[in-house]
Amino acid sequence: MDTLTNSQDYSNVDLSLESLAEELYNIQSFNKDVILDSFDIDDYDHTQLDTTIDFNKFKIGLTILKISSKGKPQKKKLIFDLARNQIVCGKKKKVNFSEIDEIRVGHKTNIFNQFKSSKNLKEDIESIQQSFSILFSGNLRKTMDFVCSDIPERRQIVSALYHVVQESKSVNNEYNFVKREWDRVGKDSIDFSTLKKILARLNFTTSDAVLHNLMKFSDSNSDYHLDFSEFSNLLKLLRSHPEMKPVFYKYNGGNGEWVPIQGMIDFFRIEQSEVWTVEQCRDLIKKYHHERLDCISFENFEEFICGEANLAQYPHTSTVYQDTSKPLSYYFINSSHNTYLSGHQLKGLSTSEMYTNTLRQGCKCVELDVWDGNDGDPIIFHGNTLTSQIKFSHVCETIKARGFETSPYPVILSLEVHCSVPQQIMMANHMKEIFGEMLPTPLPEGTKELPTLDSLKYKILLKGHTSHTHVSAVGNSSASSSQSNIQTDDNDDDGAVDLTEYDEVDDRSASSSSSSFSLSFGSSGKKKKITKIKIAPEFEELIYLVSHGFKSGNTTKEIPSYKIHSLVEEKVKQLVQSEPREVVEASQNHLLRVYPRGTRFDSSNFDPMPGWSIGCQLAALNQQTSSEPMWINDGMFSDNGGCGYVLKPPCLLPGECETYDPTSPERIKSSKYSRLIVNVISARQLPKYTKSTKGEVIDPYVTLSIVGTHFDQKVEKTKVIDNNGFNPHWGEEFEFPLYNSQLSMLLIRVDDKDKVGHNRIGHHCIRVENIRPGYRILKLKNNFNRTIPLANLLCKFTFVE
């Protein structure tokens with residue numbers, strides 16, 4: 001006998017065909033508002049729609065100059081396809097309105113910056129004011145760049161596009177999803193075979209008999225076809241959560257299909273560990289415009305469970321709620337390595353757009369690898385490689401414009417300077433001119449404590465070498481050298497492709513000249529001659545955080561607080577075992593930065609947790625690379641409003657750090673929880689992995705990992721659900737012991753198990769102590785840390801203190 005997929009019961013689901021299809025899908029859009037950047041070009045308000053705009057001309061299309069990737073203006077027809085919710089440029093270029101992240105007025109993209117001095121592209125004021133760009137596709141930051149015939153035309157196009165995109169993002173996401181699938185059919189109604197194809201495309205398959213029953217159930221006029229409303233109802237049926245019915249009926253007090261207010265109060269208290277008042281319950285019922293205000297239906301209850309108000313992470317963590325009056329060293333700081341690279345370390349594209357992306361994601365420490373430019377103006381690129389080059393001044397302008405969009409807290413520039421003295425002076429002039437009062441006065445010599453986070457709002461802190469920087473000698477080891485010869489980054493040249501290892505040397509081995517420091521640019525494991533580069537006083541006087549070689553935690557405690565250590569990832573692993581307490585104590589007043597080993601040519605990442613576990617504030621990751629280390633980093637810095645600074649837990653701060661040992665099997669006394677129990681219930685609308693075979697339906701499974709200190713490491717997996725990515729159901733429970741819940745993270749990833757291996761679908765990472773107990777929704781994220789529309793996981797979380 002045929003049954004519904006995963007034995008789910010779809011009986012008693014309200015499928016009233018009288019309601020409008022729009023009302024069936026009322027979860028808020030997961031998309032962020034489009035960013036409009038026009039403030040420095042003109043004072044025209046594009047957000048106020050010009051009532052004289054004729055949208056018909058945009059539907060028909062208008063001729064415009066599009067700048068190609070080679071900087072050549074080409075005449076193209078620009079069309080707003082409102083039926084398909086996309087913008088069309090020429091015959092091939094199509095972008096969904098909902099995928100557009102930003103509209104920029106002027107010459108503000110890599111295309112414009114790269115070609116604005118060419119013969120094809122004018123750089124006069126009028127040309128700039130006639131130009132605009134569309135940025136889309138998430139972190140890939142693809143662009144379409146245009147020049148209009150005049151300023152009024154540009155204003156009309158940008159204003160119209162802004163409103164169309166905003167409307168597309170604000171219209172209910174689920175309704176958009178159903179409408180999009182329906183529009184792809186191009187018919188007024190669909191038959192059984194078409195329905196089967198659509199559902200397969202949506203990752204749902206079942207037997208023909210079950211699908212016939214589903215279609216019959218939704219076919220209100222029994223004509224063996226489904227119109228849009230009937231199709232909407234069928235998808236609503238498949239998206240429902242019948243597995244929540246036993247929980248619902250547990251609190252109905254004998255009221256059949258309704259749970260009274262007292263039952264709601266009991267549900268929130270017992271299942272969700274929340275205290276709700278009668279008035280709050282009534283407000284919740286009112287939200288769904290129900291005719292009764294004394295009880296809630298299962299449909300509305302289910303809608304709440306799967307909605308924005310029931311996400312797994314505590315709502316207050318989406319704001320800056322932590323104490324920001326502590327010294328800078330008390331915070332974990334969201335940090336980037338080789339920020340300018342969009343890909344491979346040896347041949348990738350260097351782009352200022354990566355700084356925009358990284359800063360908008362909440363990153364507060366970015367890296368600039370600066371070299372002499374052929375025209376006398378410093379450039380940024382990955383030295384001695386085939387990576388492309390960008391102007392240092394352009395990056396500074398980007399940092400000033402974007403550095404404080406997510407929060408007012410300071411931005412740290414990690415400067416890897418390989419320039420001659422004249423171009424160092426040029427660097428200093430650029431920074432003084434562009435940053436101005438954002439550059440704070442360097443700290444006095446005897447500083448024992450760094451300034452508070454609050455006192456450094458809107459400041460740009462320069463990290464780099466001074467004439468007193470410790471000089472390193474080059475060892476004769478190769479890239480695979482022993483642990484005793486680990487690079488400690490005395491000269492902090494982690495930005496260059498350098499497989500040479502460094503040993504610390506005594507100050508006496510430094511050059512007698514106090515105005516030089518040493519850099520090695522070797523790309524092999526052989527001994528290289530040290531190159532000495534003089535430091536310009538004009539540059540040196542701007543340095544706020546002075547790079548300094550690390551010897552030991554105890555030694556660090558004796559030097560001024562403005563001196564910062566950079567440690568290669570292997571060194572950190574060594575310190576976790578050899579002197580964890582000393583490093584934790586040193587991190588009370590000093591910043592410690594961890595960076596990837598030089599052999600990570602593919603821009604892969606290291607696990608940031610070992611560094612965090614001993615107090616290292618900055619884990620400099622290749623943020624252009626999506627992998628578990630970056631997901632863990634995103635989970636950490638989704639806390640405290642995503643401002644880029646997260647207060648270190650008590651075990652790493654004065655009062656507890658003196659007795660803290662991350663390698664001890666003893667449970668931390670201040671750990672809030674001793675156990676976490678996770679029931680993985682079900683998922684909805686899991687997308688196909690991009691490399692999946694065309695037409696196949698995914699077979700999803702869930703992996704749960706606790707990531708923390710040495711003893712907080714455990715991985716569990718659910719069973720595989722065959723041929724169902726639309727509404728898979730697991731109902732599996734897992735238990736995780738916790739030794740230090742302050743630092744522990746829960747990483748959940750969903751994968752497709754197929755014949756060729758594991759295919760990633762989505763993930764979600766969250767700090768354990770930020771998880772709300774009870775039945776909660778986790779939104780799944782893609783490789784770019786963007787929420788996947790409509791894809792979510794329903795879990796129940798239980799904590800034992």
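Just so you know, glycine gets a Cβ as well, placed from its N, Cα and C.
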For the substrate site that Swiss-Prot assigns to Ser566, Arg593, which of the candidates Lys448, Lys457, Lys459, Lys463 is also assigned? Lys463
Look at each of the recorded positions, His337, Lys463, Arg593, and point out the one with the fewest other Cβ atoms around it within 10 Å. Lys463
Per DSSP, what is the residue tally for the domain 'EF-hand' (206-241) in helix, strand and coil? 23 helix, 1 strand, 12 coil
For His337 (active site) and Arg593 (substrate binding site), what Cα-Cα distance in Å is obtained after rounding to a whole number? 10
How many angstrom lie between the most widely spaced Cα atoms of the substrate binders Lys463, Ser566, Arg593? 11
